[in-house]
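Novice: Once you've had a glance at the structure underneath, I'll fire off some questions.
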Amino acid sequence: MAQHTVYFPDAFLTQMREAMPSTPSFDDFLAACQRPLRRSIRVNTLKISVADFLRLTAPYGWTLTPIPWCEEGFWIERDNEDALPLGSTAEHLSGLFYIQEASSMLPVAALFADGNAPQRVMDIAAAPGSKTTQIAARMNNEGTILANEFSASRVKVLHANISRCGISNVALTHFDGRVFGAAVPEMFDAILLDAPCSGEGVVRKDPDALKNWSPESNQEIAATQRELIDSAFHALRLGGTLVYSTCTLNREENEAVCLWLKETYPDAVEFLPLGDLFPGTNKALTEEGFLHVFPQIYDCEGFFVARLRKTQAIPALPTPKYKVGNFPFSPVKDREAGQIRQAAASVGLNWDENLRPWQRDKELWLFPVGIEALIGKVRFSRLGIKLAETHNKGYRWQHEAVIALASPDNENAFELTPQEAEEWYRGRDVYPQAAPVADDVLVTFQHQPIGLAKRIGSRLKNSYPRELVRDGKLFTSNA
């Protein structure tokens, strides 16, 4: 694999020499940073099992190497890397896998280690969604996830990835993560704080990542991280699990932040060692039981992961002074909810008791039941999935609901050919050789739902959302 030139400030190199253990050597670190990052993917087990995914992609000649800490994660090598971007493959478009850096799969693995099965989880810095979607898959779309993102421009990307992966148990918020400790104290069974950081571990992906690096900047970032972890710890219920992670390498933003929390609440913070998370953790394990992953250790991005438990209640923070505003939704009455469920089932959409229908004007939504305790405490950017819009003739089912709820085994499902599926993703109507019988057609490809179409004569009218329509080279170009 070709080398690339990484910019290293002298002060950074001095800091790394002091932070790095005696083995592996500092020269190994520098050499690893000059190598481009290996590509990696995570199979979305909400859509397909790992075994079925491997069978489906076997004809492509992809070399998939298992990632030790994530059984659904793989490093991927392709002979035709330049021929077709991974994001333009049919399997990616239908949400069967997520392009995710291997080391960024570590925090969620730690969150669910030792049989931990949380029902209400918060991801405090969630965009673009790799860890939120990984959490949802581990929860099998059950329970509730609050996914927060401070950057307004990234909330849209976060929602797009959640929708593509068929996730229904997520509520999105757009807040500074420092508000949650006061706003929702002791509300979450588990919290992931993948904290904003100096990004020292990502130089293999971005050789210029350290162009604006300085020790002073690290100190400012660490101060923010301490405020964030304090807020997260307040929002964690007694006995709950908090995972703190970064993609940086210095101790000030990593070990020191966790040690500060323990010094602040000495009787309430218990470090949970990660030595048994996967074979080979001893290469990255700190004396506190954290994982401090330098790039050369597992040939991935640099990363830090710590896991801790809240063992004692701590003093509450002052109640926030902001106003949430009126909640614009109302729960659907039981009788009408039954009618909606029956109508949805007729086009192949089904859901379990974890989701409950709510209404806003002519819009119908499905919210995870576990989020109801948070209504009135935070303002949501988006909640659950939009199921339908009502009109005089019935319901106009929404694309995100089809992706999350549809069963490809429904009697109105219609499997497209590769050429027809590509036309669908390009936003064009499809003219199948043998038209389906039903008027409302659940369009599938590779036995996966990709949309809902109206049959008009011999034509399937495309309903693929305009913002998702693709141009350029797609999967049949690589056939």
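Glycine too: its Cβ is placed from the backbone N, Cα and C atoms.
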Novice: Kindly point out which candidate in Glu142, Glu149, Glu186, Glu200 is recorded by Swiss-Prot as part of the S-adenosyl-L-methionine site with Ala125, Ala126, Ala127, Pro128, Gly129, Ser130, Lys131, Asp176, Asp194.
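Specialist: Given Ala125, Ala126, Ala127, Pro128, Gly129, Ser130, Lys131, Asp176, Asp194 bind S-adenosyl-L-methionine in Swiss-Prot, the matching entry from Glu142, Glu149, Glu186, Glu200 is Glu149.
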Novice: Let's check the environment of Ala127 (S-adenosyl-L-methionine binding site): how many other CB atoms sit within 10 Å of its CB?
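Specialist: Other Cβ atoms within 10 Å of Ala127 (S-adenosyl-L-methionine binding site): 23.
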Novice: Reported as an integer number of Å, what is the Cα distance between Cys247 (active site, nucleophile) and Ala125 (S-adenosyl-L-methionine binding site)?
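Specialist: For Cys247 (active site, nucleophile) versus Ala125 (S-adenosyl-L-methionine binding site), the Cα atoms are 13 Å apart.
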Novice: Within 10 Å of the Cβ of Asp176 (S-adenosyl-L-methionine binding site), how many other Cβ atoms are there?
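Specialist: The Cβ of Asp176 (S-adenosyl-L-methionine binding site) has 13 Cβ neighbours within 10 Å.
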Novice: I'd like the number of other C-beta atoms within 10 A of the C-beta of Cys247 (active site, nucleophile), please.
Specialist: 24
Novice: Could you measure the widest C-alpha to C-alpha distance across Ala125, Ala126, Ala127, Pro128, Gly129, Ser130, Lys131, Glu149, Asp176, Asp194, the residues recorded as binding S-adenosyl-L-methionine, and give it to a whole number of angstrom?
Specialist: 20
Novice: Within 10 angstroms of the C-beta of Lys131 (S-adenosyl-L-methionine binding site), what count of other C-beta atoms is obtained when all protein chains are considered?
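Specialist: 25, counting other Cβ atoms within 10 Å of Lys131 (S-adenosyl-L-methionine binding site).
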